[in-house]
Amino acid sequence: MIEVQEFRAEVRQWLADNLVGDFAALKGLGGPGREHEAFEERRAWNQHLAAAGLTCLGWPVEHGGRGLSVAHRVAFYEEYARANAPDKVNHFGEELLGPTLIEYGTPEQQKRFLPKILDVTELWCQGYSEPNAGSDLANVSTTAELVGDAEASGATGNQYWVINGQKVWTSLAHWAQWCFVVARTEKGSKRHAGLSYLLVPLDQPGVEIRPINQLTGDSEFNEVFFDDARTEAGLVVGQPGDGWRVAMGTLTFERGVSTLGQQIRYAREHSNLVELAKRTGAADDPLIRERLVQSWTGLQAMRSYALATMDVEQPGQDNVSKLLWANWHRELGEIAMDVQGMAGLTLENGEFDEWQRLYLFSRADTIYGGSNEIQRNIIAERVLGLPREVKG
């Protein structure tokens, strides 16, 4: 296996050689709250990365990846962030569904879907959240029923799943071809029991996708309605009724080594905010200076924690990481608004536009991917061994 520093140098040089021409215009585009930016152009960039063998780095070689270590992947994400390269468009496929299929999927599912994730020809979205469930992921009301003739031919015959229900806050659904959906497949089941993890094609009459207008004026999220939508009987990952275990497995992949690359981007945002404070005169305010110093200290603490735990698997470490970066980024957004002063009250304001968008989207940082309250409950109950929260 290539040495980490040699691989880091390879990535740095490749990015310098390739993030040029039309691709240079994509620098800094995409990411949370900005997924709509130059989407098709970023897809082309993502395919360019794939052709160079710079996607799916941690996947096993037999599944098309490079089988690289956590340290190699950290090096990639750090160099990628330092180059200000555009956010990838196939996050859900490369970092969530792909590893899930490798861990829980059948050989047939792996053969069918992994190559198209690798070459970025099929995009995926995540069908977890529901409108009446809040942060309670187990409160699933979307249903799926297996119908058809099981005896017609083969193990599942002519059977297929019929899906009804609604998912919400579904990022990238209006660009994706497929959605991995958690649905209730056992009538009368409650909570974690009776759930299944289904792979559902979105281009069919039984699926309606409605973009949600955000505070920023963009539409990155969607509502997805399933009205007798169908998917093949064999497109359940794991066993029917075992969907909770598979879904939790997917979530363990969600908060991975990309966090260190994310922190490089945060460091750039912090540096840019310091420069803005100097230009506007806000840096003359001792309270602003103190908050900027505290923010920088928090960023270093996050990085130290991520480096110390990247090779360690223990309960709660991902939850602590999520709490750290979500709170840090929300506070940075608040500092940015104060640095702008009265100019921060209007959205279309040239130089300040990016900071207002950062502030608006950072309000969601402590909610999506598991709210702060959920993270604290998990840490308290599963790590510290405290009594479970009393339900009202």
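Placement of Cβ uses the backbone N, Cα and C atoms for every residue, glycine included.
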Among Ser69, Ser171, Ser321, the candidate listed by Swiss-Prot alongside Gln126, Gly127, Tyr128, Ser129, Ser371, Asn372, Glu373 for FAD is Ser171
Of the binding-site residues listed (Gln126, Ser171, Ser371), the greatest number of other CB atoms within 10 A surrounds the CB of Gln126
In chain order, residues whose C-beta lies under 8 angstroms from the C-beta of Gly127 (FAD binding site), counting only those at least six residues away in the same chain, are Thr142, Lys167, Thr170, Cys179, Phe180, Val181, Val182, Val200, Val224
